[in-house]
Structure formats: C-alpha cells, structure tokens
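Since the structure comes first, as structure tokens, the remarks are kept for the end.
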Amino acid sequence: MVPQELIEKIKLISPGTELRKALDDIINANFGALIFLVDDPKKYEDIIQGGFWLDTDFSAEKLYELSKMDGAIVLSEDITKIYYANVHLVPDPTIPTGETGTRHRTAERLAKQTGKVVIAVSRRRNIISLYYKNYKYVVNQVDFLISKVTQAISTLEKYKDNFNKLLSELEVLELENRVTLADVVRTLAKGFELLRIVEEIRPYIVELGEEGRLARMQLRELTEDVDDLLVLLVMDYSSEEVDEEAAQDIMQDFVKKRDPSPISISRALGYDVQQVAQLDDVLVSARGYRLLKTVARIPLSIGYNVVRMFKTLDQISKASVEDLKKVEGIGEKRARAISESISSLKHRKTSE
C-alpha cells in the first residue's frame, strides 16, 4: 500500500501538470535528467555544486531545454521556480543505495539525506523514477495505468454488490434479533477488502492526473458510504461500547492488513474466540447506530443518546414514539422518523 505522503508527491508528476509535460518531452527526446525539489536552495549549498544560478519562473519548455545539459536541475518544491541548472549534486556517499546507475544512486541518496523529492529520468530505459525520503516510485505508462484502473473498478463493482447484499441480509437478521458473530465478521471482511482495493489503486488514479477524472468519479460513487458503514458496524457490534474515533482506528487497521482472519476481526471487536466454528454460535445484538444514522437519518451525536437509553436495536424497535421522545435531542419528528423507518424497513424486508 502506497503511503499517503508519497501519493501527495506523485501528484506533482501526474499527466496534465507542467512538470509531467516536461518529463515526457525529455523522454521523447531520449534525454536523461536529475531534478532536485527544494524549499530553500541555501540550505543545500554543501550538496549543490557548480552549475549556474537562474532563479527564473518555471515552465515546461525551460526545463526541457535545460535538460540538454549534463548536470542536474534544482526546482522549488511548488514547481514555480527553476533555481539552478547544470549542477553537480553531492549527497553523502555512505548512505546505502540499491541503485546501479550514477543518476539513480545520487537520486536515492539525496532523497534519503534531505527528505526531499528527487526525480531521475533514465535516458537508456525511458523511465521516470521519483524518490522521496526512503521511498521510490517508478512512474507507469498511461495505457498501463488506464488498464489497471479499469480492471480494479470492475472488481470493485462486484465487491460493492456483494457488500450491499451482505448488509441487506444483516438487516433482516437484525430486525429478527438473530445475528451471529459470523454474520458480522463476514460483512466487515468484505467491506475491508473493498477499501483495500481502493487503497491499492489510488496511486494509479493519482498518477493518471487529468486522464483519471472518470475513474475518480466512479471510485467516489462506489465507495462514498463504505467507510461510514464499516465504522457504524464496528460501533454496533463491538463487545464493549466504542466511540466513532475508536471504531475508525479499528477499521483502518484492518484495511491495511492483507486477508485478515475472521478470528482477528472477532478479537478486534472484543470477542474471545479461538476457532472460526465458534463464530456461528455467538449471538450478538446491534446497538442500532447504523440504522439510526443511515435509515432514520438521526445524527450520530443524538444516536449516542438513543443507544444509551435503549442499549440495543431490538429495544429501540420496540419503543413507542412517547418512549423515544424521552431521549435528549429526540422530539416528535425524530421519534416518528425512528419508529416509522424501522416499521418501513421491516415491511420491506418481509415483502422481499
């Protein structure tokens, strides 16, 4: 999974940016380049040697012309200025590097030493490599990226359909108060898998830049409510009450893990289970956070008060409008919204 801080740097060289235009022109001309992005060039006077000082406004055309010289180029971090051209960059030679070519060895060492972005363009292989801190990212061809993203979105659509199906089945079981831990874990696992795919393809979409607008729209549409639903499920089914922030942490931990086991998800929810077979034997009751927020449209801040009074969704569903009005923040309108939304959901699920 590509870290968010690296994704932010990949945006600098995405198609549609002036910097990417220059890099593509450099590759097409069969040139090489070494580009160092800095906040203040004076900080790096011991590293930047020779060359000449420009301090001129950045443009793709200027960068392309300057790349015809052998030396490196120093730009401002916001890609608005060209500070130096034709310089010799001298990072600490004792910093370990796994690269072989001189340009790429310098780039890796420089990024590790300064924590800044360094871009190397290989003349021989026509490849753009971005180095940042201890990270390296090799820029992909647009055709490859589009193919990769298209496949991933197709997979996401199937996962979202399955996730929605599991949620629908869970709703039926919730209304009948016969949910097992296995049902909850199965639904959470599918949601975690869905978000993991999103995290894996996000760098590709960022790298596509303007070419990825449609993919970004599709991704947003497919996943806009998944995070919230998973957080609410964790809040509903944790063995001990957890707030939204704690539930968010649990969700994020599992999105980062590859193929989390049903046992690990169960234990994160606070259940002491040793074998997967046990999950079918553990009956659990929803607190009602998800239904209150997504079906009855009750704000989570008020939902806390409802759950605090009634404890479970089963008890909420049995409460009268008058009972519900006793909750702080619940008036006639919200009480009826809760009561009627649960009744409507029961009727809809019964008729399906």
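In case you wondered, yes, glycine gets a Cβ from its N, Cα and C as well.
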Swiss-Prot annotation, ATP site containing Leu89, Thr102, Arg103, His104, Arg105, Thr106 - matching residue among Gly71, Gly115:
Gly71
Would you identify the secondary structure of Leu89 (ATP binding site) according to DSSP, in three states?
strand
What mean pLDDT does the predicted model reach across the domain 'DAC' (3-143)?
94
Applying the rule Cβ within 8 Å of the centroid of the Cβ atoms of Gly71, Leu89, Thr102, Arg103, His104, Arg105, Thr106, what extra residues of the same chain belong around the ATP site?
Leu34, Ala72, Gly101, Ala107, Ala120
Counting every protein chain present, what is the number of Cβ atoms, excluding its own, within 10 Å of the Cβ of Arg103 (ATP binding site)?
19
